[in-house]
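Below: one structure, written as structure tokens.
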């Protein structure tokens with residue numbers, strides 16, 4: 001019994017020599033916030049890395065309708081732009097209209113004499129970009145022919161009619177003289193003249209309308225000349241007609257002259273359209289037009305333009321995000337996410353940023369957790385938090401600025417290529433999209449890498465700042481924590497947080513405690529010997545008690561032990 005008491009006293013004395021068992025020390029850990037479920041983003045080095053927060057950069061849906069503000073959107077309804085320009089009777093309501101964006105519907109149809117335009121897309125684009133159907137009639141003199149020809153295929157009201165912007169010339173009496181007409185451009189703007197040639201379905205129709213068996217139309221300026229000969233022959237019937245009209249156009253520059261020479265089959269201009277330069281355009285869409293505001297329009301409907309990229313449609317009008325192939329690209333706007341471990345040892349010790357993040361810290365990105373004589377606590381470090389936020393704020397705007405600047409340069413260059421080599425138009429467009437899709441992914445990956453690196457750097461800066469403050473008064477425990485070798489109450493912890501900690505005040509106390517602790521650590525062999533001796537004696541006493549019990553039981557006859565030799 002005396003031996004046991006002595007061992008207990010010795011063990012108590014050994015542990016009582018450890019200064020850390022009292023209120024003379026504190027533990028301070030640095031960490032960053034975390035969330036239970038982060039967002040995966042892509043960086044240069046990782047395809048998937050979890051961050052606390054991220055912003056989607058790709059607009060993937062439209063609002064389902066076309067907004068009529070801030071752009072003037074003109075609904076073509078049942079008319080195509082070309083029919084409205086030519087003056088198809090059912091499109092008369094569009095005469096002299098203006099637009100920023102002309103919407104062509106899939107339900108649009110022609111309701112006049114059947115025609116074709118050899119380069120339909122180019123004429124459509126020229127008129128669309130002009131943004132107006134403003135027309136000026138001119139006094140062409142057509143001598144010896146009959147003007148204002150009409151057709152039952154093109155009725156205006158109950159009467160046979162024709163395109164209102166064209167003048168169909170046929171024979172007068174039994175003659176069709178050669179026509180030579182000139183029209184100078186004395187204005188300071190370009191004039192667009194629309195004219196055509198009629199292709200009869202039979203030779204009989206040719207001579208019946210124009211006398212000559214084969215007509216000819218030549219339209220010239222100082223810069224160009226077009227000579228067209230009619231192709232006589234039957235074609236599929238359209239609105240009761242097997243003949244056709246081919247539509248052409250000529251642009252006359254200021255100071256130039258329009259010359260028309262024909263001996264038959266001429267569909268003459270009545271005047272000109274004033275050419276204008278601007279940002280007007282045309283779009284095929286069946287989306288409804290509504291009263292709302294959106295600066296970006298696609299055939300699917302208007303879309304918000306607060307993101308740098310979109311995956312809704314390649315065709316856009318206005319200030320729109322750039323089209324890319326990816327459905328999603330996420331820009332990291334938070335730090336690397338390391339969810340907090342729910343179980344950390346049997347004593348629930350606090351841990352620093354090396355081990356994991358802290359989900360409970362909601363008032364800042366970086367902060368402190370401490371354990372001292374007054375208990376435990378947590379506080380955010382607003383300065384380092386603000387430093388990180390300031391660097392991340394504006395990333396989205398910078399991405400938009402970079403994409404806009406680069407895109408306009410590429411778009412201008414590609415437009416020149418498309419204008420010269422029409423066969424490369426689709427190839428160039430696809431290449432442009434591929435290029436931007438790659439650039440977008442690379443740009444976002446670079447920005448995400450930068451965000452994660454800078455937020456990690458702010459954590460390290462805070463750790464180094466704290467270490468420099470504490471100096472020899474504390475020891476780095478690893479894992480982002482410090483063991484402070486002096487009594488550090490909440491006010492002391494607060495001074496460390498706000499940078500006013502004076503290590504000289506606590507230096508002597510810290511050194512004294514550190515030496516005591518280190519002294520015990522240096523004599524750890526002595527403590528270990530006592531523990532081993534205590535363990536051995538305890539085992540010996542247990543064996544003695546067990547042996548005494550067996551002998552007592554044998555004497556009482558409760559246990560019989562037979563030994564056979």
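A Cβ is built for glycine as well, from the same backbone N, Cα and C atoms used for every other residue.
Annotated range for transmembrane segment in Swiss-Prot, selecting from 509-529, 530-550: 530-550.
Distance from the CA of residue 498 (N-linked glycosylation site) to the CA of residue 112 (disulfide bond) is 83 Å. Residue 91 (disulfide bond) and residue 37 (N-linked glycosylation site) are 58 Å apart (CA-CA, integer value).
In terms of Cα distance, the recorded positions that sit within 10 Å of residue 67 (disulfide bond) are 296, chosen from 79, 91, 296, 498. The two recorded residues residue 296 (disulfide bond) and residue 154 (disulfide bond) have their Cα atoms spaced 38 Å from each other.
The Cα atom of residue 554 (S-palmitoyl cysteine) lies nearest to that of 488, taking the recorded positions 53, 79, 180, 488, 492 as the candidates. All protein chains included, residue 498 (N-linked glycosylation site) registers 11 other Cβ atoms within 10 Å of its own Cβ. Cβ packing within 10 Å was compared across the glycosylation sites 37, 53, 78, 180, 300, and the lowest neighbour count falls to 37.
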